[in-house]
Amino acid sequence: MHAIAGLTGFLAGVSLSYAAPTQENITSDAYFYGQSPAVYPSPEGTGSGAWASAYEKAKAFVANLTPEEKVNLTAGTDADNGCSGNIPAIPRLNFPGLCVSDAGNGLRSTDHVNAWSSGIHTGASWNKDLAQKRGLHMGSEYHKKGVNVLLGPVVGPLGRIAEGGRNWEGFSVDPYHSGLLVYETIRGIQAAGVGTSTKHYIANEQETNRNPESTDGIDVAAVSSNIDDKTMHELYLWPFQDVVRAGSVSIMCSYQRINNSYGCQNSKTLNGLLKTELGFQGYVMTDWGAQHGGIASSNAGLDMVMPSSTLWNSNLTDAIANGTMEASRLDDMATRIIASWYQMNQDAGFPSPGIGMPADVYAPHQAIIGKSSDSRKVLLQSAIEGHVLVKNKNNTLPLKSPEMISVFGYDAKGPDSLGFALEWLSYSPAIQPNHTLIVGGGSGGNSPAYISAPLDALQQQVIEDGSSILWNISAQDPEVDPNTDACLVFINSYATEGYDRAGLVDEGSDELVTNVASKCSNTIVTIHNAGIRLVNNWIDHENVTAVIFAHLPGQDSGRALVELLYGRSNPSGKLPYTVAKNADDYGALLHPKLPEGQYGLFPQDDFSEGVYIDYRAFDKQGIEPQFEFGFGLSYTTFDYSGLNIGQVSDNSTSRYPPSAAIQEGGNPHLWDVILRVSVDITNSGPVAGDEVAQLYVGIPNGPVRQLRGFEKVNIPVGQTVTVEFALGRRDLSTWDVVAQEWLLQSGTYQVYVGRSSRDLPLQGEFTI
């Protein structure tokens with residue numbers, strides 16, 4: 001989603017493909033009717049659990065509204081501020097309205113705020129506690145700026161398509177990993193009194209054809225994500241279940257179609273899965289311009305349209321009058337919105353909506369300081385921990401008091417201006433050639449208070465050390481001083497909203513690496529990557545001694561990297577995706593789906609692979625990756641021992657969970673602990689470090705391994721710590737499409753614990 005200004009132009013530029021119509025083309029969407037089951041009526045919010053007080057207040061508030069005031073709450077309006085969207089005020093009842101703004105890694109299009117690390121970077125940290133702290137400090141900036149709702153975080157896309165343009169906004173390709181990190185992120189943000197609108201619900205896995213478009217007089221519908229019930233529950237709905245359980249006050253529905261019904265008027269996904277099965281108490285907001293039906297969308301469970309609506313307004317009251325919509329539906333829409341306002345305690349002491357969001361940052365405006373010195377430590381640490389060291393030949397890193405270093409590559413320098421933080425590109429280049437990459441493009445961009453670029457931070461380090469630095473960041477085949485101790489090469493891999501990537505490598509950057517490596521025996525490569533980046537063209541070069549996937553660290557990029565290069569911090573990041581040896585190893589999930597054959601006007605993307613994406617697919621097909629999911633090196637070594645598996649006897653292991661009233665997140669018994677696992681980890685290396693212990697389970701009739709636990713622990717040199725994992729009923733279950741329940745199967749389950757999805761020194765089993 002995006003600011004109102006420029007919306008039409010942006011949508012017109014979004015990546016679109018179409019097939020010319022033929023006699024065989026399907027020309028009416030009536031062909032697809034019924035593929036997404038109808039679920040009506042839209043359930044009313046119950047105000048259960050932690051929502052009780054907010055709902056009581058909201059119902060009293062809504063009871064005093066006129067029909068027109070209720071309608072006004074359901075659609076955005078223009079306002080003299082820079083918020084991405086606004087809900088109008090109701091002055092007579094002291095409701096000041098709402099400001100909602102991008103994005104999940106810091107505010108966009110404003111000043112006096114920080115540019116935080118992106119979702120993929122947080123995913124690479126594997127640090128739940130840090131994710132919550134990042135959310136809390138980031139949320140406090142939104143609060144000071146008068147932003148009621150943060151448009152994020154992201155768990156859709158999950159990362160099904162390797163070239164997906166927005167994969168970098170999410171945390172991980174694994175639903176369990178993504179779910180735990182989004183849970184902690186939401187808890188942190190909302191603890192600051194700012195609501196989250198978690199996105200994009202659901203199965204929004206490519207940018208190509210995400211919106212309906214007309215080109216040369218040909219109308220092409222948005223792509224349809226066609227998903228079976230089992231895959232939906234076990235993969236794509238999984239992290240959203242954690243979102244609801246965390247209490248997210250809003251969820252943003254997506255652009256594309258789901259089983260040939262648009263995401264923002266799909267009664268199965270909104271009424272059925274979200275509001276009934278998961279017990280969601282907040283409100284559903286459209287992505288910007290994602291409403292395609294009037295009363296059909298409200299009856300399907302949509303509660304708020306952004307940035308405005310031409311299909312609702314007085315049409316809602318007319319529909320109530322003519323009986324095509326129940327008055328209770330409008331009341332529920334308004335109640336959910338106002339209850340969320342109360343739930344965040346924004347009725348008392350919250351700044352005026354949008355007060356710190358100027359419509360034009362270059363015009364005179366009041367300075368509202370969002371950032372705080374209290375955030376500096378968390379800001380830097382969140383940047384540090386998302387770096388992943390994947391090669392370290394002969395312990396090249398950390399650098400050992402070098403007398404001279406040389407820096408090469410376009411990604412080393414800072415930008416010439418901050419305009420990049422505000423712009424929308426009308427295309428998606430393979431790289432950002434003009435400066436270091438701290439964030440991807442589109443509505444997920446953010447506004448840095450400063451940028452610590454790698455070259456700047458390295459020069460500062462050299463000043464402090466009294467050493468020397470040479471640099472040539474523009475040459476493709478630079479000269480290298482033979483006396484240099486290390487050659488640091490900086491490249492990047494760009495991605496943006498609106499477009500899927502054209503590939504996972506770029507020849508120019510690879511050529512730069514090999515050119516330097518041919519002249520320098522100690523070449524260290526840093527990649528700022530907005531998604532998967534292949535390295536097969538040079539990873540085995542004998543002079544490439546170390547490689548870091550630096551992801552998208554935010555404004556502290558250079559400072560964080562220097563902490564790692566010089567050994568003041570020990571790398572602890574792990575990959576939240578699989579890096580293949582060859583692009584073809586991703587198979588049908590490499591490229592986005594394009595319109596073809598009889599579906600030229602109604603693109604169809606069949607998720608026929610089921611749950612087998614990324615490492616699950618590599619395991620199933622026996623493909624050896626370059627670097628597996630969960631992989632990352634350290635400056636120390638960790639030894640695993642003492643696997644202990646103990647079943648919890650006081651919780652039911654019945655086939656289906658005991659019946660219970662639905663709470664936020666679904667049946668509360670899904671979180672009953674069934675199994676406890678513990679392992680001992682010893683730091684047998686030379687320095688203290690953080691290790692991410694990962695637990696995988698082989699569930700009968702499922703993938704070889706699925707992540708079902710991870711803990712990040714600090715271990716001093718020579719010390720041993722015991723790491724414990726608690727596995728709930730959902731963690732060990734599969735979705736029964738007949739019973740429509742989570743099924744705990746009888747049989748033998750495999751348990752694996754170790755350093756990555758393929759480095760698992762401990763293995764055991766248990767039987768249910």
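We count from 1, first residue shown onward.
Backbone N, Cα and C define each Cβ position, glycine as well.
Note that the structure is a prediction, hence the values are computed from the model and not measured.
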- Task: For the set ASN25, ASN64, say which residue Swiss-Prot annotates with N-linked glycosylation site.
- Result: ASN25
- Could you state the CA-to-CA distance between ASN472 (N-linked glycosylation site) and ASN72 (N-linked glycosylation site) to the nearest Å? 57
- Work out how many Å separate ASN394 (N-linked glycosylation site) and ASN543 (N-linked glycosylation site) at their Cα atoms, rounded off. 11
- By CA distance, which of the glycosylation sites (ASN25, ASN72, ASN259) lies nearest to ASN322 (N-linked glycosylation site)? ASN72
- Item | Cβ atoms near ASN394 (N-linked glycosylation site) (within 10 Å, other residues, all chains) | 7
- Task: Sort out for me which one of ASN259, ASN472 has the most neighbouring CB atoms within 10 A, since those are the glycosylation sites we care about.
- Result: ASN259
- Query: Secondary structure at ASN259 (N-linked glycosylation site) (DSSP, helix/strand/coil)?
  - Reply: coil
- Item | Inter-residue C-alpha distance, ASN72 (N-linked glycosylation site) and ASN651 (N-linked glycosylation site) (nearest angstrom) | 48
